[in-house]
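Shown next, in structure tokens, is the structure this report addresses.
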């Protein structure tokens, strides 16, 4: 049974008299920094000097510093820049500015788990990972609630790393919704698996192949779009609010029977296991590193295929018709 922490299980005391240096001011960086500040935590922002994030953070009222200076000034250095740039930024701007007893914070365990960032032994290394995008992290906090999150400790130099992770989670509103104790390995492997198998990869290609199957069989693309893409939101909203059984309770008997008897035929669990093994073995991480070093050639080609697909052209027309796009 998972260990779940609520608001009453955490204290802000571990953050008293400490400065949190948030490295990066993108979607998560902005949201987490604002939540921390609104909870009374001393927050500074570390970004590339003169860039758009620098100006935006200053406009939002933060003290903004170049990354090396922010890392030196922070007691907690919370790294919220994209995974693929973290190792170089860490090596060049953060590592040498860490002091004994500092803490390194992450919202994704990727670079620590795969050994792309190797922190010194004299710092705590914690994970505070909200299970939602930055705009939702901020919105729910301002509404008096919060986003569920995961917390973990990779390295506990001070003996107080978990208390610090929970304090960070509380300050950002996550303990209001519930925070699950995990490990760096579990967070990254399940996160990548979810992205690749269903949330991004699985859903994307299920939609494309379903659309193509109908169009190739002679059905109108516009009708195929509604049946394979547009109506998906209705089902996902039901699952999100009521669970799988609740969704089945709210569709027709015909839809339920057809889905239950045919759905398994289009899903290949053996391929899912292969994807999971690629993640667990580090094969995917090595592939992604090489992809970035080569200028993301494969990713750009695949992205172009999606952008030029008929479903996108049909969808653009229909979304305009429905008033979703200008």
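Yeah, the Cβs are placed from backbone N, Cα and C, and that goes for glycine too.
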Swiss-Prot NADP(+) site partner of 25, 26, 27, 28, 48, 53, 83, 84, 85, 86, selected from 132, 134, 144, 146: 134
Residue 134 (NADP(+) binding site) versus recorded positions 108, 191, 195, 227, 252 - nearest by Cα: 108
Set of same-chain residues at least 6 away whose C-beta sits under 8 angstroms from residue 227 (Mg(2+) 2 binding site): 210, 214
Rounded distance in angstrom between the Cα atoms of residue 83 (NADP(+) binding site) and residue 108 (active site): 8
Where residue 231 (Mg(2+) 2 binding site) falls in three-state DSSP terms: coil
